[in-house]
Amino acid sequence: MAGFQHLSVMPEEVLRFLSPRPGGCYLDGTLGGGGHAALVAERCAPGGGTLIGMDRDLEALKAAAERLSRFGDAVRLLHGNFADIATRLDSLGVDALDGFVLDLGVSSHQLDTARRGFSFQQEGALDMRMDGDSGETAADLVNRLPEHELERIIREYGEERWAKRIASFIVRARSEAPIENTLRLVDIIKGAIPKAKWEERLHPATRTFQALRIAVNHELESLERGLKSAIDRLKPGGRGVVISFHSLEDRIVKHVFREYAAGCTCPRNLPVCVCGRQPRVRVLTGRPVTATEEELRDNPRSRSAKLRAVEKL
C-alpha cells in the first residue's frame, strides 16, 4: 500500500525515551504506517527481540505489514483497539513488556482519504470510524442524537465555544434532509459560527470534526484503559512513551502518569502510612516534549504533538 504515507512524529525523541534494546519485547499500540515500529524493531530484533504492532485500522495494518516485512518473525501484528491490549497480549502469551509507544494522532493517510470522512477539506461520506466496519458513524450521531447531547459532545470533546449554536444548526439542517457527507456538515458549521469570529489559523470545522471523531471511536475511554493496561505490563525498568495531539488526550496521559507515580495517600496527620501505596512509575518528562523547529518545518502536523514518558519501578 504505497499510498499510505505518514511521517512519524518525534522519532528521535521516541527512541531516546523508549531506549529499545536488542532482545527486548516492545509494543506499538497505535501502529499506523509502522514508522515508529520500524525504528524500534531495528533495535530490538537483533538478539531475538519482538515488536508487537496493533491497530484498529485494517488499511494501516496492511501498510505496516509491508513496511515491516523485512523483520520477519520479529514482528507480530494484531488487528484491534489498544484498549484491549491486556487480552490481546494474553492471547499471544506475552506477560511483560520492555516498553510501549502510543502515537495518538490521526494519520495523514486517514485525513487525506476522502471516503474515510475525517477531513473537512474533502467531500466524503460522514464516517470517521477508525476500524471502518463496526459501530456508529459520525453521520449516525449527527442525525440521531438529541440537540443537548450533540452540544455536550462538541463542547467537551471539541472544546468548541460555539457548541450550542452548532448543535442547533445541525438539528435544523437534518430536519430538512439527513446530513450524510463531510462538506454539507462543514457548511452547517460555517453558518453557525459568525464569520467575524472565525480564527485565523484554524478552520471553523476543526473542533467539531475532532469532537465527532472522538465520540465515534470512543477515543478517550480507549486511551485511559489501554494506557493503564500497558503500564501494568511493563517490566521494572521498562518504559512507556505517549504522543498526544490535543489537550483532552494530554490531560488523560498526565493524570494516569501522576496516578501511577503517586506514593502514600494517607492524611498528613497520620504518624505512619497505613495505605501501603508505593509509586509504580517514575515520570521521565516533567513537562511534555514538543517537536523541534526543524521537524515543524518538515512536518507541520507535529505542531500540536506532546510527548510524555514513564519508567516502571
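Using N, Cα and C of the backbone, Cβ positions are placed for all residues, glycine too.
Annotated features in Swiss-Prot:
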BINDING   G34, G35, H36, D55, F82, D103, Q110  S-adenosyl-L-methionine binding site
### Task
Could you work out which of the binding-site residues (D55, D103) has its C-beta surrounded by the smallest number of other C-beta atoms within 10 A?
D103
### Query
Counting other Cβ atoms within 10 Å of each Cβ, which of the binding-site residues G34, G35 scores lowest?
G35
## Note on the structure
Across all protein chains shown, the one of the binding-site residues H36, F82 with the most other Cβ atoms within 10 Å of its Cβ is H36
### Query
Under DSSP, is G35 (S-adenosyl-L-methionine binding site) helix, strand or coil?
helix
